[in-house]
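Enquirer: Next up is a structure, given as structure tokens.
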Amino acid sequence: MAHCLHPEKFFPVVKSVALPPGSLNGKVALVTGGGTGLGKAIATTFAHLGASVAIAARRLDVLEKTADEIRSSTGGVCEPFQMDVKDPAKVAKAFDAVEKKLGHTPDILINNAAGNFIMATERLSPNAYGTIIDIVLKGTLHVTTELGRRCIQQKRGASVLSITTLYAQSGAPFVVPSAVSKAGVENMTKSLASEWAKHGLRFNAIAPGPIPTEGAFGRLFAGELKDSGDAMKASVPVGRLGHPEEIANLAAFMSSDFMSWMNGAIIDFDGGQQHIHHGSHMGQFLHEWDNEKWEETENLIRGRTGKEKKSKL
């Protein structure tokens, strides 16, 4: 057994907002992909903390419903803005609208717009992988550079936080377009951290492990969402999956002035999933050994060590 059987005892889920009230007062925060899932959770937390939140995506009807929910639950400011990250002209138009409605260029950008699906790579058409690259990599670049140009021209600072994935660093089968794109976003993060800090902009990323949302899990896994999640818990050492509110708290902290010295960081947020076997091909088998097997192995090692000592005398 490689994972904790009692996560509720040792690793409880805390969904309340972590930062003090007012921690983001006076900030304008733009969250792409903000209508659902992780983006919605992040936008909600930001509104709780006093930010004027702009949520952006293609479907205005979804955004309007989410904005109403966030305003109702937080008493804060949340406005919907239609944006297609694949189209630089539409990105610029959305920024114009945000500035007009909320007063100025965003102080915080959350790059959360994404697209993904599981498929054998040899079955992917150029259009299929091109769509993912257009959204995840090129779309993130469109939004980030639009913000950057405006901030540099206006001599404004900003915090840019991109949501990537664990396999951006390791690679993963059957999600090649997403892996390629997210790896590019992480390299953009580190590159701009060194290039644009002189202009007052800082760049970081969160690489989450499995955090169930209807959108992400629905696209990636066959069957019911719950079944997909239950099967994945065994791969996470802490014995449970993440929750959107948890990544929202981390995003708020990293985006806030409390973390103004953090720049160029990629933060893994996965319950230890990537380290479960520590790169050892034996790890998955060793977790299943009982005390008898370990005692047998210890005796073999002691016996071998004793023979080696005698041979040297």
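Using the three backbone atoms N, Cα and C, a Cβ is placed for every residue, glycine included.
Annotated NADP(+) binding site per Swiss-Prot: 29-61, in sequence order, evidence recorded as sequence analysis.
Quick one: how deep are these features, and who are their neighbours?
Expert: The Cβ of Gly34 (NADP(+) binding site) has Lys40, Ile42, Ala43, Val53, Ala54, Ile55, Ala56, Ala57, Leu63, Thr66, Ile110, Asn112 as same-chain neighbours under 8 Å, each 6 or more residues away in sequence. Reduced to three states, the DSSP call for Gly34 (NADP(+) binding site) is coil.
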Enquirer: Which residue, of the binding-site residues Ala29, Leu49, has its CB surrounded by the fewest other CB atoms within 10 A?
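Expert: So among Ala29, Leu49, the binding-site residues given, the one with the fewest Cβ atoms within 10 Å is Leu49.
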